[in-house]
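Not my notes, these are from Swiss-Prot:
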- HIS5: active site (ACT_SITE)
- HIS41: active site, nucleophile (ACT_SITE)
- GLU25, ASP27, ASP85: Mg(2+) binding site (BINDING)
- CYS45-CYS51: disulfide bond (DISULFID)
- CYS47-CYS190: disulfide bond (DISULFID)
Amino acid sequence: WIMGHMVNGLEQVSEFLNLGANAIEFDIDFDNNGIAKITHHGIPCDCGRLCTKQTVFTEYLDNIRHVTTPGDPKFREQLILLALDLKLQRIPVEKAYAAGVDVATKLLDHYWQRGKSKARAYILLNIPLVEDYEFIRAFKDMLKNEGYEQYNDKVGVNFTGNEDLDEIRKVLEKVGVDKHVWQADGITSCFTRGTDRLTEALKRRDTPGYNYAYKVYAWTLVKYSTMRRSLRLGVDGVMSNYPDRVVEVLKEEEFAGKFRMATYDDNPWKKFTS
C-alpha cells in the first residue's frame, strides 16, 4: 500500500493518484463538541508541504465516493484504501465518543449512503492516542444502532502515536477489537527515526495468533534510503509525500521480485503469506 500523505484538498486526490498512490490519508479536524468539520492538518506539518489545505468533510466524502465507485465517470480503480487521520488529540478526551458517532454518521450518509452507494474503498480509522479508544466503541455502536453492521467488514483501526504496543493491545482488547487492525510507526518527514519499534511491530505481525497488527506501515517517508530500509524490514505499506518515489524504489531489482502494488483483491485485514 502506497499511502499519499495529507491529501486534504479535493484537487490533491487526483494529484496523488497520478503519482502512484493506491491509498490516501486525510486529516479530520473536529470542533470542541467532537463534530467532524473539515479535512485540515494545520501548522506545523511536514517539511516542504502546505499545511493549510482544507475541505468541508462531508464534501470530501461526497467527492471521494465518486472516485471509488466503479462505473462512475470519476472512478479511479487504483484507490482502494482511505485513511482518516482523526485529530482527536485537539479535543477533550471525553468528546471521543461523540466524535466516533459523528464520523460514523457522516460515512453512512455521505460515503455509503446507507446502502445506496457502490463506493468500495476500505476505511482505516487512524487514532492518535490510546486514550481516545472510546471513538472505536462509538463508531461500532453507531453502525449497530443504525442497522449497518455490514460496513464493519470495510473498516479497520490503527493507533498512530507510537505508543507502547502492549498498551495498544490492551485497549483493543477493552473495546473488543481483535481483527482489522493495522499498526503504524513513524515521524514527520522533518526528522529521522530509528527502527526498533517498527521492527517489534513487524515481529508481532509475523507471530501466529497475534491479532493486533495485521498490517504494519511506516510514515512519513520521503528519502529513498528510508523507503529502502523499511522495505527491507518487510513493511506492508509506506506513507509518503512522494508516492512516485516509492513506485521507483519498488521497481529496483532488490524489491521488484518481493513487492507489488496492492489491488482491490488484496484483503487489508489479512496477514500476507508468501
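Every residue, even glycine, has its Cβ placed from backbone N, Cα and C.
Provide an account of the burial state, proximal residues and distances for the features listed.
Non-local neighbourhood of HIS5 (active site): GLU25, ASP46, TRP219, THR220, MET239, SER240, ASN241, each in the same chain, at least six residues away, with C-beta under 8 Å from its C-beta.
In sequence order, MET6, ASN8, ASP27, CYS51, THR52, LYS53, ASP85 are the residues of the chain that are 6 or more apart from HIS41 (active site, nucleophile) and have a CB within less than 8 Å of its CB.
ASP27 (Mg(2+) binding site) counts 24 other C-beta atoms within 10 Å of its own C-beta, drawing on all protein chains shown.
The secondary structure of CYS51 (disulfide bond), as reduced to three states from DSSP, is coil rather than helix or strand.
DSSP assigns CYS190 (disulfide bond) to coil, not to a helix or a strand. Neighbour list (CYS190 (disulfide bond), Cβ cut-off 8 Å, at least 6 residues apart, same chain): ASP46, CYS47.
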I want to check the contact list for CYS45 (disulfide bond): same chain, sequence separation of six or more, C-beta distance under 8 angstroms. What comes out?
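Counting only residues 6 or more apart in sequence, the Cβ neighbours of CYS45 (disulfide bond) under 8 Å are MET6, CYS51, THR188.
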